[in-house]
Amino acid sequence: MAYAGDEDVPDEKKAPTSTALVREVSLVALRQWLRVPGSDVEKALRRAMRARHAELNQATRAAIAQRVLGIAVFYGRLGHLLDRAFRRNQGNIDPEIEAEMLLELYVGRELREEGGLTLSNLSNGLQGGQGGHGCLDDAVECKLREAVRAPLFEADEEPLLAVRLATAWSLPLWMAESWLQQFGPLSAFQLGRAMCQPARVTLRVNTFKTTRLKLMELLANHGVRSVPTAESPVGLWLPDGRPPAGGVWQLPGYSEGLFEVQDEGSQLLALATEAKPGDLVVDYCAGRGGKTWFLASLVSPNGSVCAWDIEEDLRKQLQGARAKRALGETNLHLLEVPPSKPHNLHADVVLVDAPCSSSGVLRRHPSQRWALRLQEVSEIADLQLSILEEASQLLRPGGRLVYATCSLIHLENQSVVAGFEALQRGFVRWPFPSGRHCRTLLPHVEGTDGFFMARWEKKSCEDLNFAPCQWMSMADLEDNLDEAEKAFESQYEKVEPSLLGEGTYGKVFKAKSIRTGELVAMKQMKIEGSEDGMPSTALREIALLKELKDHQNIVKLINIFYKPNKLVLVFEFVENDLKNYLESRGKSTTVPSEEDEERTEDTEAISELTQALT
């Protein structure tokens, strides 16, 4: 379409003005995005600008990005206004036309106080087309001018609160309903507004190489203002945003690895682990490594971080150039990236920053809100619970587990926590200073992106609640089998040669505590079912071990584990040969026969032992 004053200039020789160029590239990006519902607007924007790379300067790029990303953010609000103005059905409109209408409405309504097209020149933009599709006639112009001035709702309308929230702050209706229920009306509207505003640019100081004060001084010397973050002791946020000339890589200290770009909320996730020097930490969904490298600085100099991610490309990046810049050659030993999923680690800390809907970082991903579907969120929640259960098996007794998401949807947060606690009784809640074991970070409260955290401690041996020799029905016994199996395997390993003795119902072998290295004697036996109490075979074995309990080599009973069809008794053991001890006492390592047992009067002795060990 011809521009005003350009009628006599051949098309191939026209040099579009910066305003026209901004419009052309913006429309190309918007049309690409609208053609594929749920697609990423940022990818469409990059493709459109790449095609005109040679013609774009920094200011032009910024203007294009402002329009395209702004329309993606306010698509719900703008769509609502267009629906009312044209009584249209969004699903039946041509993306070519919709892109033009959205652009004109956004520029006229949202940018009129920011140097964009104003109401006075909106008509010129519509009539002249400025590189547009050229199908916006006078009637369309009139309706768009009305939409620019129109209120979201008429005075006599009474829409539902969720509809008001979804329209005012451009949210899917299901998300608005969820936030209202979860946070209440006031906080939900404040959150919605925050999600339509630019996110802070926040840095994390690399304490391997500098301090926060030194980095602030370096930035100030180059004219860059920085402010310490409220909670993270290693964070700085830039009140003026990114440097005027472009990205943070232009800031002093970036190439030297003095800082990483990381939201304060993400920093607080790592700090929530309370990892300390010497700890073994597992970053179970490590992603691109921002928290991984921070954790490495917390466990330095003699700890380690095992970083795992299901994506092979991400695992490669964890050991790439960014890792070397962040850790330095002298600290690379702190990081391990296994080729396959880790197991049997007995870690001090496990952090699970689970894959999620990213509903807490909508302001960083403008089109994400329109790509989400409630059914997909439910499916993600099932995956999150599975990952959390899987990762929890990597902890030693007494270890700490942190679950986190960058989501603000109840299904992915509190519901997953409730599901985990219902399935895993080997964990106790580990509270934050507030007294609660869950915490939510909100953009309009903490100024961070939206995050959720929950913390637990794995029960120690003393807290496992497998009461020694406690009378139980077999139904109760079955409830503890899986938990006991995991607890047993996570605490002890056999020491070769391990066999100390063998009885009719099982073996006595030597083992050691994985955590402390202390030797133990373990008696493992088969269990025959009993409807009304502890199996009789177990009682006979306990009677036999009564003598061992009094001997100097068997200090005390540590624990009893119920495994599927087995019972394991664990005693502290002083280095000696249990088999020789039994033989020196003239005892066989074989337990008394059932006939012998029936002839003895051990019922009272067994009862006393049961009481003593409980």
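Keep in mind that glycine also has a Cβ here, set from the backbone N, Cα and C atoms.
Now, the feature entries from TrEMBL:
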type: ACT_SITE; residues: Cys406; note: active site, nucleophile
type: BINDING; residues: Asp309, Asp353; note: S-adenosyl-L-methionine binding site
type: BINDING; residues: Lys523; note: ATP binding site
type: COMPBIAS; residues: 593-605; note: compositional bias 'Acidic residues'
type: DOMAIN; residues: 191-459; note: domain 'SAM-dependent MTase RsmB/NOP-type'
type: DOMAIN; residues: 494-614; note: domain 'Protein kinase'
type: REGION; residues: 584-614; note: region 'Disordered'
Neighbouring C-beta atoms (10 Å sphere around the C-beta of Cys406 (active site, nucleophile)): 26
Between Asp353 (S-adenosyl-L-methionine binding site) and Cys406 (active site, nucleophile), the C-alpha gap once rounded to whole angstrom: 8
Residues satisfying Cβ distance under 8 Å from Asp309 (S-adenosyl-L-methionine binding site), sequence separation of at least 6: Cys285, Ala286, Gly287, Arg315, Leu318
C-beta crowding around Asp353 (S-adenosyl-L-methionine binding site), within 10 angstroms: 24
PLDDT averaged over every residue in the domain 'Protein kinase' (494-614): 53
